Amino acid sequence: MRPAPDLSLYLVTDTALSRPRPVADVVRAAVAGGATAVQVRDKDASRRDLLALTRAVQAAVAHRPDVPVVVNDAVDVALIAGADGVHVGQDDLPAAEVRRLLGADALLGLSVESVEHLAAALRLPAGTVDVVGLSPVWATPTKPDAGPGLGLDGVRELAARARAGGLRAVAIGGIDSGRAAAVAATGVDGICVVSEICTAADPEAAARRLRAAFDRAGAR
Ligand code: TZP
Ligand code: MG
């Protein structure tokens, strides 16, 4: 059995939004504040730089083996770094192929933006995908091409379908501390956050606020 990590507050990194701070410093602070999982995401980085970034993030949370480090898209980088998992989108490598490469113990996430995407994920053999990222909850400047948003009702419906099919669900897009409780109340297993943490003057405090909002509303 794969361990089921706590995905309550899932930080997705952004190198540009973290500047001038190194991403690893933001990650360390966010985990101190209560982030429970980290995804290393940098669309502009070369594979070589993404590997270095992944290793820096792993080093920053080495004292917290309960906090998984997941790599966005790059299966090769995840394998080389010995990361805990990979997150892919609809246009990335197919989840079944990624699972085959990663083995049974890795955490595999898949972005879904519609009922159709989720239905396709649920048709995959059990154990292929662990968690779906419901995306986006709201339109967000962090990912301008992410679409108009599922809204809270959309997230609630998709989270229920995912859960009924044995998948965990996290939500991403436009989540800040003011909105975190409403998202938590939809029944998702976690909230994914980029800008609210990466642009915060105090990422530890930002993570603490988000985590408190999630725990209050989403406690299960
Ligand atoms: N996928 C869907 S929305 C998004 C990603 C990576 C960005 C979310 O960023 P923010 O700043 O938390 O809205
Ligand atoms: Mg992708």
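Glycine is no exception: its Cβ is also placed from the backbone N, Cα and C atoms.
Note that the structure is a prediction, hence the values are computed from the model and not measured.
Now, the feature entries from TrEMBL:
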BINDING   GLN39, VAL40, ARG41, ASP42, LYS43, ASN72, SER111, LYS143  4-amino-2-methyl-5-(diphosphooxymethyl)pyrimidine binding site
BINDING   ASP73, ASP92  Mg(2+) binding site
DOMAIN    9-197  domain 'Thiamine phosphate synthase/TenI'
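Sequence features, as recorded in TrEMBL, placed on the structure.
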residue	record	Cβ contacts under 8 Å, 6 or more apart
GLN39	4-amino-2-methyl-5-(diphosphooxymethyl)pyrimidine binding site	TYR10, LEU11, VAL12, THR13, VAL69, VAL70, VAL71, ASN72, HIS87, GLY109, CYS192
VAL40	4-amino-2-methyl-5-(diphosphooxymethyl)pyrimidine binding site	THR13, VAL23, LEU50, LEU53, THR54, VAL57, VAL69, VAL70, VAL71, ASN72, ALA83
ARG41	4-amino-2-methyl-5-(diphosphooxymethyl)pyrimidine binding site	VAL12, THR13, ASP14, ASN72, ASP73, HIS87, VAL194
ASP42	4-amino-2-methyl-5-(diphosphooxymethyl)pyrimidine binding site	THR13, ASP14, THR15, VAL23, ASP49, LEU50, LEU53, ASN72
LYS43	4-amino-2-methyl-5-(diphosphooxymethyl)pyrimidine binding site	ASN72
ASP92	Mg(2+) binding site	ASP73, VAL98
SER111	4-amino-2-methyl-5-(diphosphooxymethyl)pyrimidine binding site	HIS87, VAL88, GLY89, GLN90, HIS117, VAL132, GLY133, SER135, ILE172
LYS143	4-amino-2-methyl-5-(diphosphooxymethyl)pyrimidine binding site	PRO136, GLY173
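In this structure, the binding-site residues that sit close to ligand 2, with a C-beta under 6 angstroms from any of its atoms, are ASP73, ASP92, chosen from ASP42, LYS43, ASP73, ASP92, SER111, LYS143. Checking the binding-site residues VAL40, ASP42, ASN72, ASP73, ASP92, LYS143 against ligand 1, the ones with a C-beta less than 6 Å from an atom of that molecule are LYS143. Per-residue confidence over the domain 'Thiamine phosphate synthase/TenI' (9-197) averages 97 (mean pLDDT, predicted model). The number of other Cβ atoms within 10 Å of the Cβ belonging to ASP73 (Mg(2+) binding site), over all protein chains shown, comes to 20. Counting every protein chain shown, 22 other Cβ atoms lie within 10 Å of the Cβ of ASN72 (4-amino-2-methyl-5-(diphosphooxymethyl)pyrimidine binding site). Taking every pair among GLN39, VAL40, ARG41, ASP42, LYS43, ASN72, SER111, LYS143, the residues recorded as binding 4-amino-2-methyl-5-(diphosphooxymethyl)pyrimidine, the greatest CA to CA distance is 16 Å. DSSP assigns ASN72 (4-amino-2-methyl-5-(diphosphooxymethyl)pyrimidine binding site) to a strand segment in the three-state reduction. Under DSSP, ARG41 (4-amino-2-methyl-5-(diphosphooxymethyl)pyrimidine binding site) is assigned to coil, being neither helix nor strand in the three-state scheme. DSSP assigns ASP92 (Mg(2+) binding site) to coil in the three-state reduction, placing it in neither a helix nor a strand.
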